[in-house]
C-alpha cells in the first residue's frame, strides 16, 4: 500500500499560497474537538456591521486536512469517538440508537458535535442574519435532538466506526452530498478505492458509499472504514449476491442476514435496503421503457419472480431493524423502482414503492432505527417538485436522499452537470442529501479525477440550495467572495471557492500564457486590463 499511503496522506499542492489553518472548536457538554478549516483573508471585510479577517469553513477532510496529524493507512485514523465518555450500553437496556436517546430527551456527544459543525463558529453572524424578514438562530444540541426524535434528521454513526466525525442529514441543516465508489468485476483495486474514498472526503463529500461488486469486497470495505472520517454506506445485497455465486435465485434470508451482521460488525454506518419493491409493483415496472434500473431492485425482482414469493427484505424487515438497532445503523430505504428515463418518471411503479417506504419508515421508527428515503433518478425539471411533496407526505418527513435527479437522458459524459441541476432544484425544495453523479455515469467506472468532478459539481448544487433556503453561513461565504472579487483580492477568491487548487492553477496558467506575472492584477484574461467592468466601475465611483 506504499503508493496509496503517499497518495492519500500527501498535502495538497498549492501555488505560492498560505493553506487554510486547521482549527478545533471544543464542546461544552462533552470533551469534543470539532475540526474545521479557517481561511485567513488578505484584508478585513465588513459584512452587516461585522468584521471578517478570516472565515471558518465546514471540513469533511478529518485528520487528512490537519498537517500536524501523522496518518498510516495500515493502522487507520484515530478512533476519536472512543474518548467521549458516553457509554451507550450503560444508559440504555434495549436500544442504543440516536433516535432512542433523542426520544428520551438525552443529548448525545454526536448531537453536540453536529451542532458545533453546522454553526462553524459563526453564532453571532447567524443571530444577526435576516433574508426576507425571517430571523435565524444558531443550531443547538437541543434542536438537533428534537429533529432526530421526530425522524426529520439522522446522524449515521455505527458504534463500530469510532474514526467517524459525526454529521447530520436533514432538511433543517446544510444540504449534504454523497460520493459513490467501489470496484466492479471489470476493474479497480483496494488501493484505488481507498484513495478515491479519502479524496472524496478531502474534496467535500459528506458521506461515501462503497458499492463494490468485484473481488475482495470485505477487505476493500475494511480499509475504507478504518481510513474514513465520514459515514460509510453500503448495499449489503451486493455482497450477499457474491456469496450466492452471482445468482439472484440462490439468495436466502439467512445469507443476507449474515451479510448484514458481518458489515455491521465492521462499522458500516448506513445500509441501502430495497425492501419496498413488492410483487404487485412488477407489472407496472414491466410496462416501462427502461424497466428496473436499480441493481438491488433488479436482483430482488428476479428473486421474487423466480420463487413466486414476496420480497424477503419486506417480509423480514422487522428482523432487519432489530439488527440495525444493536449497532445504531441507519437505514436508507432504497428506491428500487426509480425511473431510469424521463419517460418513466413519476409513474405508478415509482410512487407505489414510495408509499411502501413510508410504511416501512414507521416500522423502523418503532425500533428507534434512523431512516432516510432514497429518491430518483431521471426526472424532467417540471416534475421534480412532485417527488419532494410526495416524499414528505408518504414518508412522514424522513430525510430525502436523491440520485440527482438527472433532468435529461442525453447528457452522457456530462451527467455530473445534468445531475447537479436537478439536485440543486430538489434540494432547494427540501431534499437533505444529494448522491453525486460523475462524468462516467452510464459509461464506465469513475477514476479519481471523475470523483473530483462529481463531488465539486454537487457541492455547487448543495451550496446553491442552501442559499435558496436562507442558510446564513452560505450567504456569508458568497458575500465575502463577492467583496474579494470586487477588490481583486485573488488569493481570497481562491480560498473562498469550492475548489481552490483548480481555480488557482487555472488563473495562474491563464495569466502566464499571456505574459502577465503580476502578483495581484486588477483584471483577468477574460477582459484584460482595459475592459474589466469591475475595474471601470470602481474608477467611475471614485471620480468626483
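The first residue you see is number 1, and the count goes up from there.
Heads up, the Cβ atoms here are built off N, Cα and C, so glycines get one too.
Secondary structure at residue 294 (substrate binding site), as computed by DSSP, is coil. For 180, 209, 238, 274, 294, 295, 296, 335, 336, 337, 338, 374, 401, the entry in Swiss-Prot reads substrate binding site, with the evidence type sequence analysis.
Under the heading Zn(2+) binding site, Swiss-Prot lists 378, 442, citing sequence analysis as support. Under the three-state DSSP scheme, residue 378 (Zn(2+) binding site) falls in the strand class. Within the same chain, the residues at least 6 positions away from residue 378 (Zn(2+) binding site) whose Cβ sits under 8 Å from its Cβ are 338, 339, 340, 341, 342, 344, 345, 404, 405, 406, 409, listed in sequence order.
Close to residue 527 ([4Fe-4S] cluster binding site) in the fold, though at least 6 residues off in sequence, lie 533, each with a CB less than 8 Å from its CB. Secondary structure at residue 527 ([4Fe-4S] cluster binding site), taken from DSSP and collapsed to helix, strand or coil, is coil. As annotated by Swiss-Prot, [4Fe-4S] cluster binding site applies to 524, 527, 532.
Counting in whole angstrom, residue 442 (Zn(2+) binding site) lies 13 from residue 294 (substrate binding site) by their C-alpha atoms. DSSP gives residue 338 (substrate binding site) a coil state; it is part of no helix or strand.
Binding-site extent for substrate: residues 180, 209, 238, 274, 294, 295, 296, 335, 336, 337, 338, 374, 401, maximum pairwise Cα distance 20 Å (rounded to the nearest whole number). Highest Cβ count within 10 Å among the binding-site residues 238, 401: 401. Comparing C-alpha positions, residue 524 ([4Fe-4S] cluster binding site) sits nearest to 180 among the binding-site residues 180, 238, 294, 296, 336.
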